[in-house]
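Chemist: Mind looking over this structure? Questions follow.
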């Protein structure tokens, strides 16, 4: 009994000594922390606020960037063309997401030699909302069109994300290349707004499969847009890892050497027109064009007089130079 009591007493003294030593160590560690906070408390507070804002923005970036539910019926109703040869198509991506496409067929003279435009739309609505624009392209340019609904848009499955949209674009291009009724040497990418970033990425990764690139009212990158839209906040100082979606078009455009047409509406109130000008200047294409429309707004530049004339002239140049690249280096700025 006495032995057990002695052992218990020794263990108790050892535990008390350990607790006393631990407390002393904690006080030693806390002292520099307290001194640091007293000296740099304001800096630490600002850093905590900065990290908190970055965390909130990272979490809600998808909500701020993607609007598949605007208008409210966009996931339920997809307008379809009437009286026009078309196909309503569903394909699968590499990660097994089902995408919805609409193929509009040009059936006029020499239709077997017609170029095919893959149309990447902006960050809201669905492919049906782009039909008025697409049908005018069909008639004026004598081309086939494939309109793409990204994952999470229209009748496509999944949720939108930067990497997801890139995979969607690759799946669409792969599908187009399997069609025996499409001239695979005349594939043109068209991207408006967010679709421009998707088109630039696809072109940068598939230069050997793309005949030409057409960009309309798109941006340099999401960090550039954040600095523009939230100019009162220090967004320009956020490191890239704070951005869930980056879409670094200004870096990728330098890999796009195919003939390129840049369409800029100077009345765009969402994406500053200077971004289109910078993308044009960054482009290494030997055949590049910049068409400027002073009255063009973000979504409605295609309604400006001369819009389809600029596109038609560009496509005629492609046909005369036999895609994908002209031999002579030419650049041109047209104000319409």
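Note: Cβ is positioned from N, Cα and C throughout, glycine not excepted.
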Chemist: Among the residues 110, 299, which does Swiss-Prot list with the feature N-linked glycosylation site?
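Modeler: My reading of Swiss-Prot gives 299.
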Chemist: From the ranges 37-57, 58-78, grab the one Swiss-Prot calls transmembrane segment.
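Modeler: From Swiss-Prot, the annotated transmembrane segment range turns out to be 37-57.
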Chemist: What is the total of other Cβ atoms whose distance to the Cβ of residue 299 (N-linked glycosylation site) is within 10 Å?
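Modeler: There are 21 such Cβ atoms around residue 299 (N-linked glycosylation site).
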Chemist: Considering the active-site residues 268, 298, which residue's Cβ sits among the greatest number of other Cβ atoms within 10 Å?
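Modeler: Answer returned by the neighbour count: 268.
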Chemist: List every residue in the same chain as residue 193 (active site, charge relay system), at least 6 positions away in sequence, whose Cβ is under 8 Å from its Cβ.
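Modeler: When sequence neighbours closer than 6 are ignored, residue 193 (active site, charge relay system) has 121, 122, 123, 216, 217, 218, 219, 270, 271, 298, 299 within Cβ distance under 8 Å.
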